[in-house]
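Annotation comment: TrEMBL describes 1-11 as compositional bias 'Polar residues'. Per TrEMBL, region 'Disordered' is recorded for 1-52, 77-102. For 24-43, 77-89, the entry in TrEMBL reads compositional bias 'Basic and acidic residues'. The domain '1,3-beta-glucan synthase component FKS1-like' annotation in TrEMBL covers 259-371. The transmembrane segment annotation in TrEMBL covers 448-475, 513-535, 573-593, 614-641, 1245-1265, 1299-1316, 1386-1406, 1412-1430, 1497-1520, 1540-1567, 1579-1605, 1611-1637 (among others).
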Amino acid sequence: MPASVSQSSYCYPSEDPANGLSGYDHDNKAEEQYIEEASRNNEESAYPAEAYEVSDYEHQLPISSFYSSEHVLNNCEKGKSRSDLDSKTESPYGSHSDDSNKYGFGVGTGDDYFSSERVNYSLNYPHTPGGGNQRSRTIYTAWSSDNQIPVSKEEIEDIFIDLTNKFGFQKDSMRNMFDHFMCILDSRASRMAPSQALMTLHADYIGGEHANYRKWYFATHMYLDDALSDVSAGITFQDPINGNFYEQWNQRMNRMSQYDRIRQLALWLLLWGEAAQIRFTSECLCFIFKLADDYAKSPEYKAKIQPVPEGEYLKNVITPLYRYIRDQSYKIIDGTFIKKEKDHADTVGYDDVNQLFWNPESINRIMLQDRRTPLMALLSSQRYKMLSEVNWNRVFEKTYKERRTWLHLAVNFTRIWIIHVATFWYYTAYNAPFLYTDPKKPELAVQLSIVAFGGAVSTLIMIVGCICEFFFIPLNTESISMLLRRLTYLFIILVINTAPTYYIVIKARTTQLSLVIGITQLFISLLTTLAFAMIPSANLLGGLSKSSQKYQAFKTYTASYPVLNRTDRTISIGLWCCVFGCKMIESYFFLSLSFKDPLKAMANSRVLDCGDRLAGGIICSYMPVMSIIIMFFMDLVLFFLDTYLWYVIWKTIFSVIRSFYLGISIWTPWQNIFSMLPKRIYAKLLATYNIKFKHKPKALISQVWNAIIISMYREHLLSSDNVQRLLYQQVLSDNGKRTLKTPMLFTSNKSNREEYFPSSSEAERRILFFAQSLSTSIPNPLPVQNMPTFTVLTPHYSEKILLSLREIIREEDQNTRVTLIEYLKQLHPIEWDNFVKDTKILAEGHDLNAVPDQFRNDYSKEMKNKKLDDLPFYSIGFKSSAPEFTLRTRMWASLRSQTLYRTISGFMNYSKAIKLLYSIENPEVSTMFNNNLEKLEEELNSMANRKFKFLVSMQQYNKFSEEEKENVEFLLRVYPNLQIAYLDEVPSENEEESKVFSVLIDGYCEILPDGKRKPKYCIQLPGNPILGDGKSDNQNHSIIFCRGEYLQLVDANQDNYLEECLKIRNILGEFEQYNMPKTSPYSPAANDISVAIVGAREYIFSENYGILGDVAAGKEWTFSTLTQRITARIGGRLHYGHPDFLNFIFMTTRGGISKAQKGLHLNEDIYAGINAFNRGGRIKHAEYYQCGKGRDLGFSSILNFTTKISTGMGEQMLSREYYYLGTQLPLDRFLTFYYAHPGFHVNNIFIMLSVQLFMFGMMFIGSMASTLTLCDFNPDPTVPLNPPGCHNLFPVFDWIKRSIISIFIVFFVAFLPLFLQELTEKGFFRSIIRLVKHLMSLSPFFEVFNTQICASSIMSNLNFGGARYIATGRRFATSRIPFSILYSRFAGPSIYFGMRILLILLFVTMTMWLPHLIYFWVTVIALSISPFLFNPHQFSLSEFIIDYREFLRWMSRGNSKSHTNSWIAYCRVSRTMITGNKRKRLGHPSEKLVDTPRPNFAVIFVPEILTPFISAALCIIAFMFVKSFDPLNPGTPNKGPSALIRICAIAIGPIIMNAAALAGLFFVSCCLGPIMNRCFKRFGSIIAAIAHAWAVLNLIGSFELLWFIEVWNLSHAILGMIALTAIQRFICKFLIVVFLTREFKHDETNRAWWTGKWHGRGFGASIITQPFREYICKITKQAN
């Protein structure tokens, strides 16, 4: 450490006891007021100031021992082993003694299922491998004999051993689960009496009101099964119909002995610990536990002496279930997993398996292999042993069919469509009476009746949803009768809503009775719409009977929503009242009322004197009508978009108001924030009620604050000058006593922040948030020794662990112009400067501040001469190649990149925080060791290890390269308490599959001769656990190694900070389990609803890494703050993975922390949140705590992430979870769920749909404007139109302007949340600067493109499937991506779409120019050129030339020689989405693509055939209308050839000519190819070039011909090109869908076509059909 921040100057704990704090002079007035202010403040509690005495304990432990810069390197060099530690801190998994046979205990009496006689559970079994009989030597402090524990640790271990030997569990699994149980028991017993800890633990797992097992027990009526068993045993049973069984259950649980509670808990954990994939099926696990528990009661079990072979449970119970689940999706060929071509609707997944165990009816279907004997017909004590005989293949069935169709939206979101479509009908029908009434007669009854038809519209939507429900739910007698009953009611309601309309409109339009009927009909209509909109469909009209077993099960598992308190429910209802109140008013005036005039103008328009030879005057007559229809749907889409606009506005307003309420706002003067900070540190971070009264608050506060500042200094965020001003320092007072000088930051009224930390720096951000966060109300902390244990879990696949020196100082590739170290230096100049200074000090041992004043000038001259020698330091961070210096540079760069090392380094601050808080709050610890710092450090480490675990699940650890293994070894040496779980695969000699083990290691594990570490646990799995998309399976296999009551999930690219880790006790207090009631959890008063998830903020530290990185960071930041702040309050927040804290028991007993069916559960985290929410778990959000998070940085990586999220949302819409939520949630909570999750993506679809509809609408209006005589503009509607016979389109033009403004506002309102969040937390100027920076850097272009990618991805997934995990890649965006790659990636989703819109917009601009169209020009440009605009070094001429050359190569290669990066390959992959590909042939080197199944024809008919046909038809109609007038005499019909024949001939002509040329070239290649290929290798390329050149000439020629035929009228020629393109697109789509068979994964057919060589390419029998198939492919490709 430099002398400028020497320990001797600050409030560091001194190693000299004589330098105690007893001589401090506390004359500072602020110090004297600390406790007094705290006592007056409700949110901060403290003890009287006079109760404190200052001792010298603060000088016993140097804080630098926690935060020294050499800590990492020293640990690596020391390489301490666990054997070096005191026995009290010995590994929980160390060696065991052999004295396990001397313990025994008796079982208590009461209503227990064990006899009251004394039972010896440590039977003298013979020694078995794995150390099963070895005694654990781990000490669990809170569960010791000193605390009056009801059962000793040894007795508990005997129970685990007994169960293991009698059920056949694995020994390593037993040791793991025993430690897991003891850790959670120790955690809970540390803050309550041991007996209460055990009882509450049993209540959470087994018997409590909110325990999942208890809910399952009652939902499946297992009490009836137990009743039969009890009656047969002669025990009186209370009839459950009398309503006393729940109370009887509680009494039974309450009377159960502690031994029996432990035994049940041990049995559950042992079953769960080896359940593997069955952990995802919580009710299946409950069923297994019930059978095992019944077996444990049997005399057979008690009489068993010989141990069951190890692994019997895995073999007989878990493996059959695992194999059934595996075989649903995979088949195994030669040990390789091959994915079956089965979509979700045909795959029995985890949820289907689990739902078998939801009700007794389905459980009774479980049959043995003989297919006659039901499992439940056996004696309860025999069922467990017969699980191995169950025929699982005939038991399970689909319980919900996730069909790939848009109809899910009709079922799940029925209320959304009713609210919008019905309201739009009311508004439009009311404002358009001229469409259906006689203007000469007062027909108010007709108007009311037509308006009231909105009730029929609502009913029709309900009927559609009900009919669609038949496609998804299993069709049995009960479900069919339910749906038919509901349909009957709906048709009756439909008749009630429509019959009056028939009478009024047809029979009596103007009578008084008609008016009365019309008013009544309107009332009924409104009542119908309100009822259908507000009441969930599952509770409406003929739903399941509430007394039925299925209803009880569904209510328990899918609709046990946590109840909002009165305030939160009021906020929820108030929010949606504001949203729809503003929406209904604004939409009426801005959308509906303004639509009246253009609608009237178009309705009154009559186009005369025009016609086509074939169509006659039909097109002319119906052109206004078709325009009205398009405009109508366009207005309806805007009506939907309007709601999301107001949702964003009001959500932002409510969230900002709440942020002010919480105190998280920069508008509080920062001097006030910091002046109160010391008092808040004392009152909120320290467990002050536990601190001895003799210590002054300032002494305690100084240690916390100084530790924070020193940690930032060690991270090179602060310079030594900054540290000087920020630390508490020891100074001499006037009377000669030492006192603590408070930093001026806390006392000064100056507002110059740069005196304390660099402006806009990371240090400023962290310190400011820390100060602001403590101004909020947060739970009080428990003392460290009483806090619960928790684990941080990080799944890891292929993320970078630690940057290598090569990656840092060399350019990444040839497309990168800057090295990583140079890029990081530009991003973090201050931190680099501080790093270089520290490195120079370490390297040279010099420090200018340590030089005496008299020699400083000479020293400065000497150092000036050495500046040239220092260049290596400033260039790469070191001058010597010694490992300790190169490693420092690697670490510095890794800590500023998205690496696993950064994550581990950040979250290991929990350990430092725990040690710091423990040493501060327990001064007696330091005195106990008499200044023995080594012993003291061991004590602190022991406490930190007891309370905190860090587990990294490295799925690919066994496949790592040598460099990656070295990096992992480095992590284990730096952080020996870090635990790593991985999969180990051992080939099996007798079986086809290899054996797979879940393995755990840490830094204390012995290093074996082969370089690997000896595992602490090695637990065999039933097979390969990676059956899904990876992450959820990776989490699931490692979750058995987690410890404690809570679990924090983080990704491998996150960060954390010491000051945030100091709040860990506060945030764990959010689970509301600190002060549990002293009463029994089985008493009537124990009715608290569990908190399942506590979310937290994320700071996106990649926000400064380029403009797109800032855009992505802004979205993520507003989502994790502004959005989640309000959605959590109104009950709409779910689980989004990082950095949420989970209630371990709640989540693991309900299916785990994620779901894992491949494809369907791509966004795996959110399903766990929905599952917890559906089952009654509360989800909270903490604003005072935040972690760091990295996001995608480049254009492609951000859009890859968007694609992954959007395709995942498409899968979510298919899922049963959305069905449950959409059909059962109350209206306000349903709206919150919808608009916070699927509504965002549906809104993006509507935005792009509005663009397309708007373009078609303007194309029709432009066609009319270019051919008809338009009226002169006159604002007075009473003046006759001029000239006579003109068409008044000015109201339509006004509507177009308003519509464009609406689309513009809807799109740009996306910037509002970020602006207001930035305004709230960073101030006005920074928010303006960030907004202007986004706008000036063309981020709106990116947002338009991103919206299209999102919409395209979700539509593609719903149509074709294919959702999969996409490795987004989070490296710095410094590499230029070749043009060809960008083109092939984005041509289909956006570029082609943008070019089609461009043609229409060009036509519209030429025919009816409006300034508002500029916005659409921006949109079109964004859709077409954004990939190239945001490519690094895009405007470099040399890069452009290289790109252009590479693009030409990309277009031409792949015809003679196979090349994956070519236009040919791109076309083949594009077709594969529709055609699918042939199954993979194992071992074929060219078949590396994933298997793509062929989608169902019914699914792709609409998007691939019907939609292109409608588009082509609309374009043809517009063109025919333009050509329906005589070009020489515009007032007369066209007598020439039909425009339909003309445009079809010009469109089909090039296709026919290409087909003819291809046939000729095929003949040439077949004749000459075998000869020419021998002497000229590029013969195939030449033939292909000729064909492609011919296609290009055809395209140019067709346009020139069209232009010539149109007499050089450019606008008509462009409209013709629009129609021509649409026709050719439809033809190509039709040919591909109808005629093309599956695609080969290789490109042999393409090369065979051009080269003429067909033999020897492995076609087999397909060689007969492949030429014709390839001919069709070539025709479609030539037309593209």
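Cβ atoms are placed via backbone N, Cα and C, with glycine included.
Relative to the transmembrane segment (1245-1265), the listed stretch 1386-1406 leads the set 448-475, 513-535, 1299-1316, 1386-1406 in CB pairs under 8 A.
Of the Cβ pairs linking the transmembrane segment (614-641) with the transmembrane segment (1497-1520) and spaced 6 or more residues apart, 3 or more are under 8 Å, so the two regions touch.
Most Cβ pairs under 8 A with the transmembrane segment (1299-1316) among the ranges 1412-1430, 1497-1520, 1611-1637 are made by 1412-1430. Comparison of 1386-1406, 1412-1430, 1497-1520, 1540-1567 by number of C-beta pairs under 8 angstroms to the transmembrane segment (1579-1605) places 1540-1567 first. Counting only same-chain residues 6+ beyond the ends of the transmembrane segment (1386-1406), those with a CB under 8 A from a CB of the stretch are 1199, 1251-1252, 1255-1256, 1258-1259, 1262, 1345, 1348-1349, 1352-1353, 1356, 1413, 1416-1417, 1419-1424, 1426-1427, 1466, 1470, 1610-1611, 1614-1615, 1617-1618, 1621-1622. Residues 612, 614-615, 1516, 1519-1520, 1523, 1579-1580, 1583, 1586-1587, 1590-1591, 1594-1595, 1597-1598, 1601-1602, 1605, 1616, 1619-1620, 1623-1624, 1627, 1649-1652, 1667, 1671, 1674-1675, 1678-1679 of the same chain, all 6+ positions outside the transmembrane segment (1540-1567), place their C-beta atoms under 8 angstroms from a C-beta of that stretch. Confidence for the domain '1,3-beta-glucan synthase component FKS1-like' (259-371), expressed as mean pLDDT, is 92. DSSP states for the domain '1,3-beta-glucan synthase component FKS1-like' (259-371), grouped as helix (H, G, I), strand (E, B) and coil, give 72 helix, 10 strand, 31 coil.
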